[in-house]
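Undergrad: Below is one structure. I have some questions about it.
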């Protein structure tokens, strides 16, 4: 499914066409200043390609924040137009709405080959289909209005390109409702689909999944789906304590214990056995007497267990040593979830050592993919983004793909 979608590279005839590009400019803006421009920079290859191919107008649409279907200047995309202007080295026309006669007229009047940024899609309740009214009450958009909004977006251009992988799991109007004949992925979306297709549909083996995160119950769907695909699985992070307590009757002190998740541990291990998947769990832990970077700490083995009133906050050195061979002999690695509370420097070592091993196996030619969210933040923090095959830009979207779900924004693209 992922590999057979039309992409921007397949489009031969863009010259003199108006192109509508759904991008992800959901960036943190404080007092009109953009705090992180990564998502804007990431769209430049798609925009520059369309300019080079002679597109008549390049019309960018995006959401930003959660204005809930109401106009809210806090979430205006105007500052993004300024940043984009600096990055492209040319004027970017900003329009203060994203649909309607005035927008259509201004697009048509704009100069050839120009870049136009429209205002936040989510200022219209029809984008998400729900929001709040002026009094803060929850409201739903009616079907006719949603249909009209989608038709109004469709009217703006001749070709549609979706480059917003981070929103691909949302069936919002701009993701699934543009009714143009040609709907292709941009370079960002294309790269995401290619890497996930390599890992999930046609992997080089052995295929390893490294999972972390707090709750087993949040990751059940993920674990079950990956057990159908992988050869090996490392289960670490907060959810490891639930596994260790259930499987080894280990004392876990005040470490995270997921009551609901604990009931499924047996079933997960049964499935792993049936599917011939090796499961690796930590065997030692860095523990603390408080959830605090400056807490007292010590290392314990799983045999010793964690004393009362202490909690496990990172994997210990023996665990990482055990993972070394597992990681370095894998040909494909999917990593979703850190091994400890890496946000606190004293409990980051397990995750950082794990990252270094993933970097090492990438150098040996393995394909390595980091799902969005916390693990991507860790890679960013350690400045290792260029040393991993692919760091996903979509937390929720990549998680749903790994869970085996189809993404509405991807399904809506044209097939090759």
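Each residue, glycine too, has its Cβ placed from N, Cα and C.
Feature list, courtesy of Swiss-Prot:
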BINDING   23, 24, 25, 26, 38, 39, 62, 63, 65, 66, 121, 122, 169, 170  (2R)-3-phosphoglycerate binding site
BINDING   213, 218, 237, 337, 342  CDP binding site
BINDING   213, 237, 342  ADP binding site
BINDING   214, 215, 219, 238, 312, 375  ATP binding site
BINDING   214, 218, 374  Mg(2+) binding site
BINDING   214, 215, 219, 238, 312, 343  AMP binding site
Undergrad: Could you tell me the C-alpha distance between residue 169 ((2R)-3-phosphoglycerate binding site) and residue 214 (ATP binding site) in angstrom, no decimals?
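TA: For residue 169 ((2R)-3-phosphoglycerate binding site) versus residue 214 (ATP binding site), the Cα atoms are 22 Å apart.
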Undergrad: Quiz question: given the binding-site residues 312, 337, which has the greatest number of C-beta atoms lying within 10 angstroms of its own C-beta?
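TA: Max Cβ neighbours within 10 Å, all protein chains included: 312.
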Undergrad: Looking at Cβ-Cβ distances, which residues of the chain lie under 8 angstroms from residue 38 ((2R)-3-phosphoglycerate binding site) while being 6 or more apart from it?
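TA: For residue 38 ((2R)-3-phosphoglycerate binding site), the qualifying residues are 27.
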Undergrad: Among the binding-site residues 62, 375, point out the residue whose Cβ has the most other Cβ atoms within 10 Å, with all shown protein chains included in the count.
TA: 375
Undergrad: Taking each of 121, 214, 215, 374, 375 in turn, which of these binding-site residues have a Cα lying within 10 angstroms of the Cα of residue 337 (CDP binding site)?
TA: 214, 374, 375
Undergrad: Nearest to residue 65 ((2R)-3-phosphoglycerate binding site) by Cα distance: which of the binding-site residues 237, 238, 342, 343 is it?
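TA: Minimum Cα distance from residue 65 ((2R)-3-phosphoglycerate binding site) across 237, 238, 342, 343 lands on 343.
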Undergrad: With DSSP assignments reduced to helix, strand and coil, which class does residue 312 (ATP binding site) get?
TA: strand
Undergrad: What binding-site residues in the list 213, 214, 218, 219, 342 lie within 10 angstroms of residue 374 (Mg(2+) binding site), counting C-alpha atoms?
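TA: Neighbours among binding-site residues, in sequence order: 213, 342.
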